[in-house]
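Visitor: Per TrEMBL, the feature transmembrane segment maps to 7-28, 89-106, 113-129, 149-172. TrEMBL lists 14-165 with the feature domain 'VanZ-like'.
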Amino acid sequence: MKNRKIRYLFSFLFALCCMGLMFIIYTLSSEDGYASGQRSANVQEIIKENVHEYMDSTEIGQKLHYGLQSLIEAISPDGDNWYQTIRDIAHFSLYFFLALLLYITFSIAGISRLWKIILSSLICLGYALFDEFHQSMVIGRISTMDDVIVDMCGTLMSLGLCWIISAFCACLRSKPRPRL
C-alpha cells in the first residue's frame, strides 16, 4: 500500500515536470517574431563566440570546425544557416526531453512498454501540432510542418533510446544468475 502511494506521488511529480516543460514550450511559442528572433540571435552569438574561440585557437578545433560545417551543410536543408540550425536544435531538444519525461511518467505509473511509446508519441505529436497552430496566431511568427517534423524526430529519438535501454535492462533482469 505504501509502495503504491510512493509510485503515484512520483508519477504525479513527473507529470508536473511534463506540464512545466509544456508551459515553457508554450511560452516560447507565445513570443512575437521580434522577441523570438532576438533570443535566437543572442544564443547564436554566444555559441559562435565560445565555439570560434576554441576552434580558432587549436588545430583540432579547426579540423572539427570544418567537419561540423560540412556536416551541417550536408544534413541541414538550410545549409550553413546557424540561425535556423539553432532553432531546429532547440525544437529537437525540447521534444526529446518532453518524450523522455512522458516515458518516465508512464513507466512509474506501470504502463507497458509498447503503450508508453504509443502514448508518449501521440501526446508529443498532438502538442507539436497544437504548438504550431498556436504559433500561427502570434504576430510575426509563422507555422511550418518542418517544425513538427523536427519535434517528432526529437520525440522518436528519445523514445528509441528509452526502448533500447528498457529492452537491455529487461534482458539483464531475465538472465539467470550464476550460483556461488
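Glycine too: its Cβ is placed from the backbone N, Cα and C atoms.
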Visitor: Out of 7-28, 113-129, 149-172, which stretch touches the transmembrane segment (89-106) the most, going by CB pairs under 8 Å?
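Guide: Per the Cβ count, the answer is 149-172.
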Visitor: Which bits of the chain, at least 6 residues beyond where the transmembrane segment (7-28) starts or stops, bring a Cβ under 8 A of a Cβ in it?
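Guide: Beyond its ends, the transmembrane segment (7-28) has Cβ neighbours at 36, 39, 94, 97-98, 101-102, 104-105, 108-110, 127, 131, 134.
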Visitor: As a test of reading the model: what is the averaged pLDDT for the domain 'VanZ-like' (14-165)?
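Guide: Its mean pLDDT is 85.
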